[in-house]
Amino acid sequence: MAVNDCFSLTYPHNPHPGDLIEVFRPCYQHWALYLGDGYVINIAPIDGIRSSFTSAKSVFSTKALVKMQLLKDVVGNDTYRINNKYDTTYPPLPVEEVIQRSEFPIGQEVAYDLLVNNCEHFVTLLRYGEGVSEQANRAIGTIGLVAAGIDIFTFLGLFPKRQRTKY
């Protein structure tokens with residue numbers, strides 16, 4: 001999607017129930033699912049770290065709370081777009097089913113993991129019946145590249161080896 005597909009609440013496009021909402025935070029994207037009448041469902045980490053450290057909070061959290069909130073409150077001063085990017089890969093479930101599936105977990109605590117069970121996994125599971133996260137896959141790929149790079153540097157002897165001291 002083009003950059004001009006992003007918009008803020010000052011230039012609202014009308015999402016439809018069941019749409020995925022991608023919110024652009026300073027260091028990551030947060031995801032929610034539009035329910036209608038201005039409300040979304042999303043998950044937020046709850047592990048006792050101050051909310052001003054939201055991105056750091058999501059890295060260290062193992063639990064999240066399922067919330068139904070106004071879209072404008074979730075977005076705040078950030079920008080967002082409607083992004084049903086997986087529709088060509090996974091057929092969306094009927095809207096009525098998506099909304100029904102969304103109502104059950106509201107207010108519940110759920111397991112959270114930045115790489116395998118994050119906010120994007122949560123909303124795509126509701127929309128498609130399949131939890132997927134391109135953002136998490138990129139992070140996993142980056143971690144793999146860094147680990148492989150360290151292995152190569154170590155193998156080639158580019159990192160200094162510790163000298164054993166003889167006594």
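Each residue's number is its place along the chain shown, starting with 1.
Each Cβ is built from the backbone N, Cα and C atoms, and glycine gets one as well.
On a predicted model such as this, the values are computed, not experimentally measured, just so you know.
Marked as active site by Swiss-Prot: His30. Feature annotation from Swiss-Prot assigns active site, acyl-thioester intermediate to Cys119. Sequence annotations record features per position, and here Swiss-Prot assigns domain 'LRAT' to 20-135. Annotation comment: Swiss-Prot describes 1-138 as topological domain 'Cytoplasmic', evidence class sequence analysis. Annotation comment: Swiss-Prot describes 160-167 as topological domain 'Lumenal'. The transmembrane segment annotation in Swiss-Prot covers 139-159, and the record cites sequence analysis as its basis.
All protein chains considered, the CB of Cys119 (active site, acyl-thioester intermediate) has 25 other CB atoms within 10 Å. Taken residue by residue, the domain 'LRAT' (20-135) breaks down under DSSP into 36 helix, 37 strand, 43 coil. Distance between Cα atoms for His30 (active site) and the residue listed as 'active site, acyl-thioester intermediate': 7 Å, as a whole number. Across the domain 'LRAT' (20-135), mean pLDDT in this model comes to 88.
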